[in-house]
């Protein structure tokens, strides 16, 4: 009898995607983050589902319902903090996954890369709306400030903002619709992730050398399933350590104060994973310019494949490009730090310089250095 795993229409898809999938023999731990992102997504959907059972999306009771989850629901506190810190783990894995793609030239699979950018935008939108739901001070003012940015769009801006708010300010209607969107978007992310995998399996995985590996493939199971389980263990241990020892480490203390439209917090700032984009937004004195820079800080990834001038795909054997890549990482860390600082000297100028450097590395320095490396190798 033929193995049902290989013949049944449903199990055949799973088999060809996760079991008998031919994978390059030399992919490193940097290729673990795809599966870790899958684990994060499932974890967020499950914890979110249980939170939604007890949460109420009404301005008068939202804050109290979150308190009720933490105090009165059995293991409610662990579900709430796993969900909150799970988002941080999600973004750590996302940034490392994108960084891996930039370093090893994975962007040369344009379909996979572009779906990845759409996924990044969708996850960021979901996380932003989730941050509004506890209805603390930072939730309310974060929602007000970020949605208000849309008013910079000429002609339709003001109408668009009021349409999103469902009124003339962030209120009950805004909270209810944000909850609805926050609930539905993870399932859209799930569908997009499936398309992401579909495109990836059309071409096969890239590998650290950037050289086609068709002549040297190994089955995904057991080699990479074991490797992914090890990565998953590290992820879960890190997440649980965070949840059980310092659950509020990455949060904002202001969010333990119920939302008050009459009292503005001294420093309005988003969660840590948005700080780099927030710093770029703040570094431009013009409102519309700031909004465009904010969008372009992520959208710039879409033109990276067009700016690939090197004869080699990966940066593995390109020391000058490696130096630039790590300068970019340092620059992003600087932007993250600046995003959390008040708008005053010297932080303003540091933020502006770091923002300029970010775009210059990606759009100017990378292509030029790649051409220089080609010439050095007489290619």
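The backbone N, Cα and C atoms fix where each Cβ goes, and this holds for glycine too.
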Which range of 226-246, 247-267 is transmembrane segment in Swiss-Prot? It is 226-246
Students should find that the transmembrane segment stretch in Swiss-Prot, chosen from 33-53, 54-74, is 33-53
Candidate ranges 11-32, 77-98; Swiss-Prot annotation transmembrane segment resolves to 77-98
Spatial neighbour of residue 201 (ubiquinone binding site) that is closest, considering only the binding-site residues 83, 97, 182 and their CA atoms = 97
Can you check which residues sit near residue 97 (heme b b566 binding site), meaning Cβ under 8 Å from its Cβ, same chain, 6 or more apart in sequence, and list them in order?
-> 33, 34, 37
Least Cβ-packed of the binding-site residues 83, 182, 196, 201 (other Cβ atoms within 10 Å) is 201
Grab the same-chain neighbours of the transmembrane segment (288-308) for me: Cβ-Cβ under 8 Å, and only residues 6 or more beyond its ends, written as numbers and ranges.
-> 98, 102, 105, 107-108, 110, 113-114, 117, 120-121, 124, 149-150, 152-154, 276-278, 280-282, 355, 358-359, 362-363, 366-367, 370
Which residues of the same chain, at least 6 past either end of the transmembrane segment (113-133), have a Cβ under 8 Å from a Cβ in it?
-> 48, 55, 57, 62, 66, 87, 90-91, 94, 98, 101, 106-107, 139-140, 142-143, 146, 174-175, 178-179, 181-182, 185-186, 188-189, 192-193, 195-196, 199, 270-271, 273-274, 298-299, 301-302, 304-305
Reported as an integer number of Å, what is the Cα distance between residue 182 (heme b b562 binding site) and residue 196 (heme b b566 binding site)?
-> 21
